[in-house]
Each structure stands twice: as C-alpha cells, then as structure tokens.
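Novice: Below are the structure tokens for one structure; questions will follow.
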Amino acid sequence: MAFSRTFHWFGLALMALLPYVCQAQQITEIEFTTEEEQGEGHFIGNTADRSGLSREFGDNFQLLLFSAITQGNPNVQYLAINPANGIILTKKNIDRERICTKSPDCSIKVTIGVHRRSPGSTSTELLRLLQVTINVLDINDEAPTFEKRVVKLQIPENRPAGDELFTSVATDRDAEGPNSIISYKLVPSSPDFMVTTQATTDGFEDLVITVRSMLDRERQASYALEVVATDSGDPIQSGSVLINVMVTDVNDNEPQFGRNNYTVNVLENSDNDFPVVVVSATDSDAGENARLSYSLSSQAPQKIKATFTVDGDTGEVFSRQELDFEKEETYTFYVTATDHGSPPASASALVTVNVMDVNDNRPNIEVTPGRFDEVTEHGSVDKYLAHIKVSDPDSGVNGQVTCSIADPHFSLKPLDSPGFYKIILSKELDREEAAQREVEIRCRDGDVDPLEAIATLPISVRDINDNAPEFQPESLEGSVLEEQGANTVVMQVEAVDRDADENARVTYSLGTSQSDALFSIDPRNGVISTRGRRLDREFKEVYTLRVVATDNAPVGQRMSSTATATIRILDENDNPPRFTQQGFSTSITENRPERSPAGQVSATDADIDQNARFEFSIIEPLPEDRQGGPNDGSFFTINSQTGLLLSKQPFDREKKDVYKFSIKVADPAVSNYFDVANVTVTIDDANDHAPRLVKPPESERDFTCAFNRSVGDVLALFQAEDLDDPRFTEIMYSVRLGSGSGSSSNRADRKSTASSSSLFSMDPLSGNLRVKREIRPEDIGAHRLEVVVRDGTGPSAQSTVVPIMVTVAEGSEEEMSRFAASNDLDNNVTIVSVIVVCTIILAIIIIVVICLIRRVDRKRRGLAASTHPAPSSPSHQAQLDAKLYQAAQWVNTVTPTDPHQNGIKTRLEVPGSEKTSSGKKKKEVSFSLDDMVVESPDTSGSMKSVFSSRGKQDGLSYKQSQIILGNNINPPVRASLKLQLKVGYCDGSPNNMVRHAY
C-alpha cells in the first residue's frame, strides 16, 4: 500500500515534469487496435513485447515498473495497465459512440512511464515513455432510432394522388459507413401510401409519405403506418415508428333522414312535455360538417308553426298546445335537417300526425231537490227527495251513462225520459249516526276506462228522543283530601246524550244513600262537592255514590241512566306514629362483634304513603337524670328506618347482663308527632369461661387407696365452679388415664397403670371418685389419672383437665393369701368351663358330619339300586354291595394335592383279590371316570382316567388309578364338576364283569 501511494505521487510529479523529461528521455510510440463493447478485462496489448523492453532487459525485466500518466487524459479510466508486465486490459466497457460520437476515426491515447528499480532499494528512475494509441473499431451495436415512437400526420380528403407528408428520418449512432446507412419501408406495404426520403437544402433528409390515390374520409378516417428503418451493418439493426395519418373531413355529403315519411298517431289528450314524433338524420362528414340542426320547413303554414315546434338538436317534434280531435284530425308538414359545413347542406322529411279521439268528457249531472223541510229519523220510507238529469257530450259508448247511489238508505229510480232519475228514501235514517247526510250520486260513461262524475244532495234528519244519556267514562272516580271544608269540589261527572237540543240536555242528581249527607251534585254541570261534614280517611277511605243523568225531553218522553261514582278520601298527615308496644325486650349474645343485631323495634302510623313515614332514635337522658357512668343507650345504635338495634361494642355478660334505655319514633314532617317506648336488652351467656376445679385444692390431689377398699367406695370428692350463666351450664365430671401413664420404668408402676382405666370411675354429676372393681395385687402402685371437668356437651362446651395421683397400698398377709386362694379357684372354674363348652361344640360337629355322610351314602345306594337291578343270588348281591361300598369309601377320600397348580391329581387305590395258591379264579376291580362339566358357560378342561400300575391283595387284582384334571380349565371360571366313577369287577373272566357307576 505504501508503495502504491508512493508510485501514485511519483506519477503526478512525472506529469508535471513530462515536458522536460521528454526532452531527455526516449519516447516509443505503440499502436493497438480493438473493437468496442468487449466488456471489462478484455486484452488489448502487451506494451513490453510491442516496445521490445522484454527482450531488451531479459532477466532484469522484473525490475521494470509500468504506470499510466492519468492527469489530463480522461480516457485512461477505460484502461488497466499491469505495472509488472505492461499488459493493457479494459477496465470498463468501451462504447465508441460515447467516446467519439459520429467520427470515422476513434482512438484512445495514453502515455505509460517505464521505471527501473534499483536492486535492494525502493527508489526508481524513469527509463522510458511509451506513447500508446488504441484504435477503437466500430461494430454495428446501435439500431436506427426515430425521434418519436408515434407520429401523427393529417391530410384533407379528396386530395389528388402524389400529395406528400413530411416527417423526421431515423438516426444511427454508429460511425459513418455501412453501420449507419439507413433504408426505409412500410410494414406491411400499403396500396394508398409509400415511403421515401428527400434531401433538404441544409444537407439533411426528411422522411416522405406519398399518397398513391385520393383518400375518402367517409370510407376510412385514419391510417396506421409502421415505417421500419434498417441499417447496412452486420448484423443488421432496425427501428420503427408508428405514423398515424388522420384524414380530415371536407363537407362533401348532404344529411340523410332515416326515412322520407314519418307518420304517427297521437291521442288528443297527450302530454305536451313528450315529443309527438322524433325525426333523425345522419351526415357522413365529420366535425361541424356532420353536426345537424332540425327545424320546420320555411314553407310550413302559420297554423303548423303555431301548433308544433322542433328541437333543433334532437329532432324531437313537440305540440305547442293540446291537440283536439274535434278541431283537427290530421296535420302534415316538412322537417328540415341542415349541417354546419361551408356551404351548408340540407335535406327534408315529410311528417304526418294523426290525432286519435279519446273519451275526454265527463258526464254532466243536474240535481233538482224536492219540496220538503227535513226527513224524520226512523220514518218517511219511500219519501221522494229529488230528481236528476244526466248528459254526456261524447258519442257512442263514451256517451252512454249509468248512475248509482252507494248509500243503502237511498235509491235511484229511472224516469220515462232518457237521462232522468228520481231519488227516494229506501231505509230508515238514524240521526245519531248522521244528522246531516250527503247523498252521493255517481255517474260514469261506457268507455273501457270510464270517466266519472259525482254530485251530492244534502239531507237533514229531524231528531226524536230515542237515546238515554250515557256517562263518559262509565267508571267514575274522584278523590278529596280528608278534613276538607264545605263546597270542596271532589269531581265532575259528565253524561252525553246523542240526541239533539232539549232531548240532549242532561240534568244530574244523586240517588238516595247514606252518603247524601256528605256530598252534593250540581244538576247542571255534574260537579260533586262536599257538604261540610268532616271526612276522616282513617274512619272510611272510599265512598260510593249513585249518580242519575236525565234528559229534558217533554214529560213522558224523558230518558235517564245511572252510574256509580267512587270517591276516595286522600290521606292527610293527621296521625302520629305509635310503637306496637310500650316495652321491648331483646337480647344479644356476649362477645359478639361491633354492629351485631341486638333486636328490632316496630311502630305503626295510621296514615299512608309519605304521611306514614317515621324515624327511630335512641333518647339521650337529660344530664340531671344520669346516675353516673354512660347511658345504657349509648352502647347501641338504631336504624332510623327499620328500627334494627345494633351493638357498638362487644358485651361481657359477667360484667353487666342487662341494658335499659328509651327510644323514640317521630314523624319527620310534624315535629310534635312522636311516641316513646322502653327497651330492655339482655346479654345472653356465650359460655366463654371454662369450669375451674375448686375442691380439692391443688396441694391435696395425691390420694392413697387401701387394698381392702370395696367396689363403690368414694376415694375423693371433686367440685368445680363456672362463671357463666348457671341456667345454661351443667358441670360434668369424668376420669381418664393421665398423659404420662406407661412411661415409668418401675414394673409395679407399669402394671398398675395398665389396669387404671378399669379400676376407678367418676360420678359425672356429683364428682365422686370411686373404686370401680375389686382391687387385685397387680393394681398395687401409683396410678396417674386426669379429672376432666366440662360445662356442657355441645360444640361450645369448655373443659378443664386436672392431673391427680392415686396410690394403691399393699394389704396385710392375710388379705393377700385369701385373695390368691380365691383367684386360683376362679381360674379352675374358668378352665373347666372352657373344656366343657369346647367338648359340646366338637360333639355337635361330629354328629352333623356323621349325619351328612349317612345321608350321602343313602342317596348313592338309592342311585345304584335304580340304575342296576339286584342279582338273583342274595350272597352274590351282598358281595357286590360290599365291594361297591368299599369303592365309594375310597372315592370319598379323594383330596387335591396341589390347589395352586393348573392340574389337580387325586390318587385312588382299589384293593382286589389276586389269584390264590389254590388256583381260584382271579378277581379284578376296574375303574373308569366319565367327566361332565355343568353350570359353566366356558369350560375347556376335561377329566381323564390313567392307569399307572397293577397289584394283588387278598385274591383280588387292582389297578392304581389317577384322576387328572386337565390343565386347560380357565382358573377364573367357576364350575361345578360332576364325576361319574365306573367300578367293575369280575371273577377271572371278562364275560362275568359287573359294572356300576357312582
């Protein structure tokens, strides 16, 4: 790094001295050639070889250093010179068009200084300068480009062929020569245009678009031409431009209507806001030449101009006034369309408007009333009321009129003359339904969408007294405060009579009742008032009055009705609150926390709602009434609304068990409305004291018990006291082993302690400690006991435990020997008793077993007798029975040898007769075993009989047989196995074999 920095500064210094150095040093010119666009790291040339330095210096060539002189030469940035060997590479990509633009020759010049280092030193000396010229050759790397990608040109239509349009040519940045020679063509070719170039006076060229034939904008308004510019390089490069040729319009076309005649049918009552007809024309030109304006023909008569108008922009024809078929049935006129070209062109179309007749006249109704004053309700049926005349100026069905009356009380009767009708009363009228009636007559013509006319005939209905007054509402309720004076308005009742005039005027009165002395009613307006007697809500809260309403029809025709009026007496705060009792006794358990309930007082007020509100408080006594100490009421607070007493602190009954104070209940609205009561709060006992043993004193609680004390003797008397309430405290005594029992190392102590629990007892009520059983020699010694004193049996009971010591003293020799003899006698009696009891039990068991065996034996004999008939010879049968009985006895001796294994084996040995020396026949008893598994849903085992050996005994041969239980029986399965043992014997001959099964 230090060398590079030194070399850099040396290069700068060399540039400064270059003019002077060049005079003294030799300059070698070298020329290289390279193409542009070769990228970074491209090899340009070896200055050492080209200049001959490598041959000149030979082995000392490594002492040379090559460096470029960069100052004043910006093109050095494209080159990299290896300082060790002078090889020139491209440092950056060389773009010829950037360095030399359009110049035919392009080169990069750089001066390289060659320095020689002294061996063993870092100093160098300038040896030679190399003037290197690098010629950059052009390659066809630039395509022709147009100034704009899209060019817009205009030409009027109808111009002759050969007309020309001019635009800019393409440019190519490559050097002059084949790479920048450009040719043009249309892609694709066009029959209407061709492309050429034309030199300008300033030496440049224009691109020329020549029109080959006359253009018609109405046939095609625009052309999109793609001009492709191609150079002559290798490879060929090309570029293109899109030329949009717009053909401008010339007013060479007249407007054209869609049709020559427009005929429309219009209803005579059509809305003038909607067009009668719309005419439409088109013009093939463009712009102003195609914009059309519509108007009535200048030759149209004045009547047409007064009746119709044309919208100049849309061609909509409107009527200026309502068309009337009766005045004019058909209108014919011309509408002209004119464009805005210069000069303008125009065309006309014929319009025919046929006015269609519609039903536009309503029927005309003329009503002539008859000569009558009015119609009386509930009468005058079939009375003539009026006649009408109906006409319609329309003709045909539009002039045919029908009339009707919707009200069923009236009917319309036609007269002889067409269009004349009379109106009569067909049903009784009720004046209360309508005092004045408007008879509506409707007439309509016969059109599909008929027109209708309506006329009315007023009818007045005369009243008769046919309705009684009706109270509004039917339920009458009023109220008045108690203690009010005379003429106080309570309420107003109202009855309505649906009749008219005097028949509807109502007079009010009260029916006879006990309340008449308290209330009165105004006969004209129905106002109910008090008479002056005192009203007390607490005495009576609700009064009921019978109110009568009568109309003022002539006497004999009057009608009346009654209603019940309910008058509620509203409460006035006129009663003080009162305690429900003058003395309250409550209680609270001692030791309860602060704000615990201590009882509740109650009061009543004869008033109601807000007037019945009252508040409780505790009365503070006057100073002169206090007898020292705090007032009892100061220990409590009272809820002013509920009367609940709460404690201010825990109480101790043993200190004070009764608190007495006074309370007050007052009306918050009236200060002198109050009441006073006394409260006594008793403090209940909470059993907060454990009993205390007072007798015997603590120093006298070690007792001595003589050996000769009898059962029940009192050894000591214990007495305790309890500070709690004796009414709820019951002191009970008990005795138990002491906590230190059994810990003594003395043998006598341990022996006596073991029997202490059965030696002494305690009277639970009296507290007497007694001898519970007879004292024995092993009881001699000290007994540690605990006396437990409890003040009850519930969970709140408390107890006190007091340790005591009772020492049993030894008796005299006479007493001890007498006790030993008595004890031996007792032991002998006990042993004899046990032996007798065991003997009896064992005898019973033996008897039961013998009975069971005999019972089983009888069952088996019966089964054998039923299965095999008895032989004819009695002796032979006896012998058979004996053998079978012997075999049965052997079967009964079968016992399992290994109950923990899967297989169970039982060995049966059957003795028999062998062949005797006298040559008697051989007797052989054989056994076989059939197995049967019952009461088991899953038994996979089996029973097998296996003969293992033979023998002889008493003239009978026998076989040793093993009964094997198969080992596939599932141990968890409970099963009952029924074994059938087949026993047979013979007298030496298989034919004489006799078999029996058991």
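In case you wondered, yes, glycine gets a Cβ from its N, Cα and C as well.
The following feature annotations were taken from TrEMBL:
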- 578-590: compositional bias 'Polar residues' (COMPBIAS)
- 894-904: compositional bias 'Polar residues' (COMPBIAS)
- 69-146: domain 'Cadherin' (DOMAIN)
- 147-257: domain 'Cadherin' (DOMAIN)
- 258-365: domain 'Cadherin' (DOMAIN)
- 374-471: domain 'Cadherin' (DOMAIN)
- 472-579: domain 'Cadherin' (DOMAIN)
- 580-693: domain 'Cadherin' (DOMAIN)
- 708-819: domain 'Cadherin' (DOMAIN)
- 573-603: region 'Disordered' (REGION)
- 738-759: region 'Disordered' (REGION)
- 894-924: region 'Disordered' (REGION)
- 1-24: signal peptide (SIGNAL)
- 831-853: transmembrane segment (TRANSMEM)
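Let's see these features in context: how buried, what's close, how far.
Specialist: Break the domain 'Cadherin' (69-146) down by DSSP state and the numbers are 10 helix, 34 strand, 34 coil.
Per-residue pLDDT, averaged along the domain 'Cadherin' (147-257), amounts to 85 for this model.
DSSP places the residues of the domain 'Cadherin' (580-693) in helix, strand and coil in these numbers: 11 helix, 46 strand, 57 coil.
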Novice: Counting only residues 6+ away from its ends, which parts of the chain sit with a Cβ under 8 Å from the compositional bias 'Polar residues' (578-590)?
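Specialist: Sequence-distant neighbours of the compositional bias 'Polar residues' (578-590): 596-605, 645, 647, 650-654, 663, 665, 675-686, 688.
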Novice: Using DSSP, how many residues in the domain 'Cadherin' (258-365) fall into helix, strand and coil?
Specialist: 9 helix, 46 strand, 53 coil
Novice: May I have the DSSP-based helix, strand and coil counts for the residues of the domain 'Cadherin' (147-257)?
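Specialist: So the counts come to 3 helix, 55 strand, 53 coil.
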Novice: Do you know the DSSP helix, strand and coil residue counts for the domain 'Cadherin' (374-471)?
Specialist: 4 helix, 49 strand, 45 coil
